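Undergrad: Annotations for this protein, taken from Swiss-Prot, read as follows:
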type     : residues               : note
TOPO_DOM : 1-14                   : topological domain 'Mitochondrial intermembrane'
TRANSMEM : 15-45                  : transmembrane segment
TOPO_DOM : 46-59                  : topological domain 'Mitochondrial matrix'
TRANSMEM : 60-87                  : transmembrane segment
TOPO_DOM : 88-227                 : topological domain 'Mitochondrial intermembrane'
BINDING  : H161, C196, C200, M207 : Cu cation A1 binding site
BINDING  : C196, E198, C200, H204 : Cu cation A2 binding site
BINDING  : E198                   : Mg(2+) binding site
Amino acid sequence: MAYPFQMGLQDATSPIMEELLHFHDHTLMIVFLISSLVLYIISLMLTTKLTHTSTMDAQEVETIWTILPAIILILIALPSLRILYMMDEINNPSLTVKTMGHQWYWSYEYTDYEDLSFDSYMIPTQELKPGELRLLEVDNRVVLPMELTIRMLISSEDVLHSWAVPSLGLKTDAIPGRLNQTTLMAMRPGLYYGQCSEICGSNHSFMPIVLELVPLSHFEKWSASLL
């Protein structure tokens, strides 16, 4: 969950988000080292006579500034590719939920059940109860079992949308006529908030997403009460 004046990313709730946080720290450290090196060279140029205006050929330097960036790019690309393949890998999901984007609400269908579907609208500010979050609460939450692999099928009925839940490391485009898929697995119970992350019209800011992750026994009771 995000909070005011937050400087970092949201706490990771899924294995994918933990990997993304590690990759973020890894890349940020590389950027910090490069920036420090550049600032050090600039300071030397300003404070000493570190100039080579008459140099016509420097093969050693050219070799270094060719090989060193290549090594840095490899150090960034390899962990990035690993995470990309992890995000695309879906093996034997325990549950499949189909998500459809509309202007300006979400609809959900639990495809493993015969008749379990609903629409999810934002609760207007004037109808919020004490303690509820402005522009983030919905009338129907998406209840899911924790510690299980869940496949999300995402599409749109009208324009481009994007289904995003930051604490789970999820962001998948909802494209009309195309069915995208992603996977999630939450390690802790709780409420996880997200929003539409693709500008989709005048009420784009009013398309929140709320996932309620509960133990499997609670999920079975909830689904049985709706069937």
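The backbone N, Cα and C atoms fix where each Cβ goes, and this holds for glycine too.
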Undergrad: Counting only residues 6+ away from its ends, which parts of the chain sit with a Cβ under 8 Å from the topological domain 'Mitochondrial intermembrane' (1-14)?
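TA: The answer is 20-21, 24, 166-169, 184-188, 190-193, 213.
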Undergrad: Given the Cu cation A1 site residues H161, C196, C200, M207, which other residues of that chain have a Cβ within 8 Å of the mean position of their Cβ atoms, reported in sequence order?
TA: G101, Q103, W104, W106, S162, A174, Q195, S197, E198, G201, H204
Undergrad: Taking the Cα atoms as reference points, how far is M207 (Cu cation A1 binding site) from E198 (Cu cation A2 binding site) in Å?
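TA: Distance between the two Cα atoms comes out at 10 Å.
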Undergrad: For the binding-site residues listed here (H161, H204), tell me which residue's CB has the most neighbouring CB atoms inside 10 Å.
TA: H161
Undergrad: Of these binding-site residues, C196, C200, M207, which scores lowest on Cβ atoms within 10 Å?
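TA: With the binding-site residues C196, C200, M207, fewest surrounding Cβ atoms within 10 Å: C200.
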Undergrad: I'd like the Cβ neighbour count for E198 (Cu cation A2 binding site), meaning other Cβ atoms within 10 Å of its Cβ, all protein chains included.
TA: 18
Undergrad: Where else in the chain does the transmembrane segment (60-87) make close Cβ contacts, counting only residues six or more beyond its ends and a cut-off under 8 Å?
TA: 16, 19-20, 22-23, 26-27, 30, 34, 169, 182-183
Undergrad: For H204 (Cu cation A2 binding site), just give me the three-state DSSP call.
TA: helix
Undergrad: Once C196, E198, C200, H204 are set aside, which residues in the chain still have Cβ within 8 Å of the Cβ centroid of the Cu cation A2 site?
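TA: Everything else in range on the chain: G101, W104, V159, L160, H161, S162, S197, I199, G201, M207.
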Undergrad: How big is the Cα-to-Cα gap, in Å, between H204 (Cu cation A2 binding site) and C196 (Cu cation A1 binding site)?
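TA: On Cα coordinates alone, these residues lie 7 Å apart.
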Undergrad: Cα-Cα, whole number of Å: H161 (Cu cation A1 binding site) versus E198 (Cu cation A2 binding site)?
TA: 5
Undergrad: What three-state class does DSSP give E198 (Cu cation A2 binding site)?
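TA: E198 (Cu cation A2 binding site) sits in coil per DSSP, no helix or strand.
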